[in-house]
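> This structure is in structure tokens; I'll ask about it shortly.
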Amino acid sequence: MGIPRTFLHCFLGSLLCLTGSQALQCYSYEHTYFGPFDLSAVKLPSVSCPEGCSEVVLSLDTGYRSLVTMVRKGCWTGPTTGPMQTNQDALPPDYAVVRGCATDYCNSNLKTHDALPNLSQAPNPQTLSGTECYACLGTHPEDCSPEKSRRVQCHQDQSACFQGNGRMNIGNFSVPVYIRTCHRPSCTTMGTTSPWTSIDLQGYCCEGHLCNRASVTQILPGTMSSAPPRAPRILTLLTAAPLLAIALGASVGFPA
């Protein structure tokens with residue numbers, strides 16, 4: 001497990017002052033995707049913004065080819081700088097890009113899923129832990145029922161199974177998420193945080209063949225149909241986009 005790192009960077013001078021009294025015209029868009037997105041041919045509406053424009057992409061992945069991605073474009077809100085804490089070993093994997101700018105219709109850079117890395121990339125060489133878990137990710141409990149979940153062979157040191165639920169947040173744009181996937185026995189709870197985005201997950205890890213088949217709407221473990229979990233660890237994962245102090249005119253993307 002890596003040691004959490006904290007960054008605080010301050011942008012001085014005019015970058016902190018969102019200059020100009022005239023309102024900017026910015027693209028406005030909010031949508032949740034369950035696969036790759038492409039906005040290159042989409043005509044986006046506009047909105048008048050007093051301070052600046054922003055565009056944010058936030059993605060959560062099981063690590064086994066199931067993902068939920070939020071895309072938001074609109075007015076810049078929140079602080080222009082802020083602290084970040086991250087742990088590269090936290091699971092499940094996530095990624096975020098936050099970009100701010102201060103000219104008309106400048107929030108048009110993040111158009112396709114190419115802005116994100118592959119969060120389900122198999123290790124090379126491809127080694128397996130010998131554990132099999134259910135894997136799913138969706139925005140409704142029925143999206144993650146055992147019947148709709150895939151059985152996956154876990155990678156490398158991921159010898160535990162995880163299940164849980166929570167919310168993905170970009171400002172006041174928020175969606176629920178329900179998830180099952182592989183995890184490490186440590187069931188790392190130290191995710192990442194930032195002032196602009198967050199993914200707040202509650203759940204637990206278990207050990208045993210396909211042990212993560214209980215209801216994803218409950219936090220405490222129920223009766224398992226296979227081997228009982230070893231000392232389930234109740235956890236809250238804060239897997240927010242690890243963003244370090246962005247000023248308008250900059251963009252940052254980090255994995256967790």
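The backbone N, Cα and C atoms fix where each Cβ goes, glycine too.
Grabbed the feature section from Swiss-Prot, which reads as follows:
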SIGNAL    1-25  signal peptide
CARBOHYD  N118  N-linked glycosylation site
DOMAIN    133-212  domain 'UPAR/Ly6'
CARBOHYD  N172  N-linked glycosylation site
LIPID     S225  GPI-anchor amidated serine
> Within 10 Å of each Cβ, count the other Cβ atoms, then let me know which of the glycosylation sites N118, N172 comes out lowest.
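Ranked by other Cβ atoms within 10 Å, the glycosylation sites N118, N172 bottom out at N172.
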> Kindly report the helix/strand/coil residue split of the domain 'UPAR/Ly6' (133-212) according to DSSP, in that order.
4 helix, 46 strand, 30 coil
> State the Cα to Cα distance, in Å, between N172 (N-linked glycosylation site) and N118 (N-linked glycosylation site), rounded to an integer.
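Distance between the two Cα atoms comes out at 27 Å.
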